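**Student:** Annotated transmembrane segment per TrEMBL: 20-45, 52-70, 76-102, 114-134, 174-197, 218-244, 290-307, 313-335, 347-370, 376-396, in sequence order.
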Amino acid sequence: MSVAILGPTFQDLAENVNRNISSLSLIFVGRASGVLCGTMIGGVLFDHMNQYFLLGMSMVATTVGLYLIPFCKTEVLLIITMSVFGAAIGAVDTGANVLILALWGDKGAPHMQALHFSFALGAVLAPLLAKLAWGTSASTQNHTAPGFDPLVLNGSSKATTDSLFAVPENMNLLWAYASIGTYILVVSLFLFGLFCIKHSRQKKSTASAQRARRAKYHRALLCLLFMFFFFYVGAEVTFGSYIFSFATTHVGMEESEAAGLNSIFWGTFAACRGLAIFFATVLKPGTMIVLSNIGSLVSSFFLVLFDKSPLCLWIATSVYGASMATTFPSGVSWIEQYTSISGKSAASFVIGAALGDMVMPAVIGILQGHYPDLPIVLYTCLGSAIFTAVLFPVMYKLATLPLEHPHKGKRKQEDQKALSTSSRL
């Protein structure tokens with residue numbers, strides 16, 4: 001919810017700092033930069049601090065950021081606050097994945113799917129909370145009470161813009177952010193309670209899990225997983241961000257139909273993540289990744305082949321959203337089966353996902369502007385599906401290579417020396 005609330009309230013935030021939308025787009029860059037920093041710092045800290053305590057502190061920092069954002073009255077202050085808020089989000093993202101792996105290890109596939117389903121569910125609920133629960137933003141200019149003086153209003157608005165912090169004129173904006181922040185604060189209290197109860201037991205279980213196993217090509221696997229998640233998350237965000245404009249400009253759909261198409265993508269995405277909680281109890285993570293890759297490859301191929309067909313666009317978009325749903329949590333659960341994942345290791349592939357979220361939509365937007373007649377968005381999804389489908393067998397081959405233990409090699413050399421000595425005797 002804390003990530004998705006920015007989209008539906010972006011216009012309200014721009015009005016709160018007296019800027020237009022185009023000039024305030026830097027807050028996305030600030031948040032993304034904060035997420036990268038928080039992911040890297042959190043990956044290091046989660047290896048040296050209690051994970052319950054650090055995750056609880058990260059959520060408290062997220063709460064503080066949500067409380068402060070509606071009060072920011074200048075563009076620079078809003079971008080700085082959004083960067084600090086993004087750092088807390090990055091630490092929560094890394095820490096949640098690491099904590100589940102530390103608790104359940106390679107048996108935690110259903111729990112990992114449940115974690116990422118909650119992310120999709122929050123993304124669906126946030127716009128409803130922002131625009132339906134608290135109502136749409138009402139401009140103060142529409143309320144003309146007796147004795148209302150426009151000069152007084154102009155003077156007060158000018159005074160508030162000169163200050164760094166002030167109560168927003170749109171109280172719905174404040175309540176939307178404050179309600180989500182309060183919810184996160186309540187959750188953080190449970191994490192602090194777990195810290196007090198399971199401090200020593202969590203420390204022992206984490207240490208034993210990290211000593212359990214290490215793949216022969218551990219670092220190579222992490223680099224390949226970095227690339228895998230870069231293209232997967234990049235394609236997911238690119239398709240979800242541009243399918244509306246693509247449907248209206250390239251296919252000629254009405255805006256209402258295009259909005260429905262966008263909702264179909266995220267709806268099947270969230271629904272399939274919910275179903276994946278039960279699928280993960282009977283299917284291995286590798287099997288789910290293969291099925292997801294096949295679905296993404298087939299649906300994106302038909303999207304490119306019949307890019308002008310509205311019927312194919314509806315069907316293939318539904319299949320594509322369902323296929324993309326389980327890839328990330330299945331990938332995290334799959335890698336844990338072959339090598340232990342520490343905080344630094346988890347940060348490496350979460351950074352890959354964050355970079356894909358940042359880079360690919362921006363690059364595709366530029367290319368689509370230069371080639372408006374080509375379905376660049378669909379080409380990107382097909383290319384990413386081909387890349388991930390080819391990359392996963394390579395990762396599987398590296399992960400399943402037998403591990404050579406140093407003590408076994410040394411024992412073998414000693415046996416050979418003994419045999420050669422006995423033969424000479």
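Here the Cβ of each residue, glycine as well, is placed from N, Cα and C on the backbone.
All annotation found in TrEMBL is predicted automatically rather than curated by experts.
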**Student:** Which sequence-distant residues neighbour the transmembrane segment (218-244)? Criterion: at least 6 residues beyond either end, Cβ under 8 Å.
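**Tutor:** Tertiary neighbours of the transmembrane segment (218-244) are 258-259, 261-262, 265-266, 296, 317, 320, 324, 327-328, 331, 335, 338-339, 345, 348-357, 359-361, 364-365, 368, 377, 380-381, 384-385, 387-388, 391-392, 394-395, 398-399.
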**Student:** Could you name the stretch, out of 20-45, 52-70, 174-197, 290-307, with the greatest number of CB pairs under 8 A to the transmembrane segment (347-370)?
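**Tutor:** The stretch with the most close Cβ contacts to the transmembrane segment (347-370) is 20-45.
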**Student:** For the transmembrane segment (52-70), which stretch among 20-45, 76-102, 174-197, 290-307, 313-335 has the most Cβ pairs under 8 A?
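**Tutor:** Stretch with maximum Cβ contacts: 174-197.
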**Student:** Mind checking which residues of the chain, 6+ beyond the ends of the transmembrane segment (313-335), have their Cβ under 8 Å from one of its Cβ atoms?
**Tutor:** 97, 101, 106, 108-109, 112-113, 115-116, 120, 221, 225, 228-229, 232-233, 235-236, 239, 243, 247, 251, 261, 264-273, 276, 279-280, 284-286, 288-289, 291-296, 298-300, 302-303, 306-307, 341, 346, 349, 353, 381, 388, 399
